[in-house]
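According to TrEMBL, the protein has these features:
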type     : residues : note
DOMAIN   : 312-447  : domain 'Thioredoxin'
TRANSMEM : 46-76    : transmembrane segment
TRANSMEM : 88-110   : transmembrane segment
TRANSMEM : 122-144  : transmembrane segment
TRANSMEM : 165-195  : transmembrane segment
TRANSMEM : 201-228  : transmembrane segment
TRANSMEM : 240-257  : transmembrane segment
TRANSMEM : 263-280  : transmembrane segment
TRANSMEM : 292-317  : transmembrane segment
Amino acid sequence: MRTSIRNIGILMLMLFANVVWSSPGFESANPDAVLHFIQGNNAFVYLSAFFGLGVLLAFTPCVLPMVPILSGIIVGQKSLSTLKAFRLSLSYVIGMAITYAGAGMLAGLMGSTIQTMMQRPVVIVLFSMIFIIMALSMFGLFELRLPPSLTDKLCGAGHSNTKRNYISVALMGVLSTLVVSPCVTAPLIGVLSYIGQKGQVLMGGLILFVMALGMGIPLLIVGSGYGSLLPKTGSWMIKIKYFFGLMMLGISIWMFSRILDASLIKILWAALLIIGSISLGSLQSQKSKKGLLFQTIGVMAIIYGSIILYGLGVSIFNPSLESRVVENQFIKVSKLSDVNHQLALAKKNHKVAFVEFSANWCGDCQDMDSKVFNQPKITQAMSGLVNIKVDISDKSREVDEIKKAFAIYGTPTMLFFDARGTQITKLAAAGFVSELSMLDLLNKAHQSS
C-alpha cells in the first residue's frame, strides 16, 4: 500500500512538473524566454514555477545520477528507519539546494558556473576515485566516515555520531551538485542572466534554491522509502549493498566518460554489467519467484554487456561515418578572434551563422553530436548556414574572453546570427536540444536570412 501511494505521488509530481514545463517561458530552450518570464510575473508565480521545474529536472540526467549516490549512503546505514532515511535524504537535499543557490549566485557574477569550472580532468579523476572508494566501502572492505576532527569543527565537539552523520551526508550533497551534476539548462542560464544582467543576486539565489528543492522532492520520496522497504538483515541486505556498490562504480565510469576515449568507456560498462551480474549470482540456480526475477534481470545485463562488446568490435573494423559527418559540417575554432573572423565572413557573404559553444567534457555536447547533428534532416537543414563550433573546454584567457563576449555560462549553448551579423536572440538555446526542436531552430534561422 505504501509503495502504491509513493508511486502515485511521484506520478502526480511528474504531471505537475510537465504542466509547469509547458507554461509560457519554459516551453523552449531559450534562456531569454525564461528571463522574460521572471521579469513579467510576481515572485509567487515564478518561484512556484521554478519549484515545479525542479521536480521535472529530477527525472533528467541532471539529477538521476544522484539517486544511486543517495541510495548507497542510506543503504550503508545501521539501524535504518523511515524517519532516519527521511532525515538523511533531507540533509542531502538541503546540501544540494544550498550549493545550487550559492554556486548560482557566484556564477551569475563571475560569468561561468562553478560546476563548469569543476569539470577539469584532475577534478573528474579525483571524484571518480572517491566514488570507487565508496563502492569498495559498500562491498564491505572498510567503513567510510569523515574524520572526527572535521565533523567536530562542522557541528561542534561533543555532538552525537548521528548529527555528524547528517553533516557528512549534507557534504556529499554539496560535492554531488558541484561535480556529478554539471547540467546546463535554459532555466538555469535564464536565472544566471537575471543575476548577472539585472544584479538580482539574492532573488536569483532564492529562485535556484527553490528549484533545487523541487529537484530534491523525488530524492526525498525515494530515499525515505528505503527505511520501510529494505530488509533489516540477512543475505538480501548484503546483495543490496553490493548492488549499490556496483551503481557507485557506474557513476565513476559515467564521470570518466567526460575525459576518456569512448571505446574504453564501452569496455568498462560491459565489464561492469557482466562481472557485476555474475558476482550477484545471476548464473546460480534460483528457486523463489523473486530470485528468478533478479536472475532474469542479471542475465539481461550480461547479454547487454556482451552486445556492447560486440558493437565495439564491429565499429573498430567498420568505422562509422557519423562522426566524420559532424566534423565536416562545422568550422572548429577556439579563439575569440577566430569566432569574430568567421562571423564577419558570414556577414560579408550575407549568410546566417549558427554557433555552438561546446566542450569535450560536456555530456550534452557529446549527445548533440551523436544524436542530433549527425541526423540526415539536421545535416540538410544546416547546409547553407555558416556552422561554427567553438571549443571552450580549457580554462584559459582565450576561453574567458569568448565567454565574456557572448555571455556563455555553460555548454552546450547555441546562438544564431542573421545575414547582417545581428544575433537572433529568440533562437538562442542552451542544454541538450532534441532533433525536432533543433530542426525547428534551423528552419527559423533560414527564414530570417
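A Cβ is built for glycine as well, from the same backbone N, Cα and C atoms used for every other residue.
Remember, it's a predicted structure, so these values are computed and weren't measured experimentally.
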Which whole-number mean pLDDT does the model give the domain 'Thioredoxin' (312-447)?
86
For the transmembrane segment (88-110), give me same-chain residues lying six or more residues beyond its boundaries with a C-beta closer than 8 angstroms to one of its C-beta atoms, as numbers and ranges.
66, 70, 73-74, 77, 165-167, 169-174, 176-178, 188, 191-196, 201-202, 204-206, 208-209, 211-213, 215-216, 219-220, 222-224, 409
Result, the transmembrane segment (263-280) in contact with the transmembrane segment (122-144) (3+ CB pairs under 8 Å):
no
Among 201-228, 240-257, 292-317, stretch most in contact with the transmembrane segment (263-280) (C-beta, under 8 angstroms):
292-317
Restricting to the same chain and to residues at least six past its boundaries, which positions have a Cβ under 8 Å from a Cβ of the transmembrane segment (240-257)?
65, 68-69, 71-72, 75-76, 124-125, 127-129, 131-132, 134-140, 179-180, 230-231, 265, 268-269, 272, 276, 279-280, 363
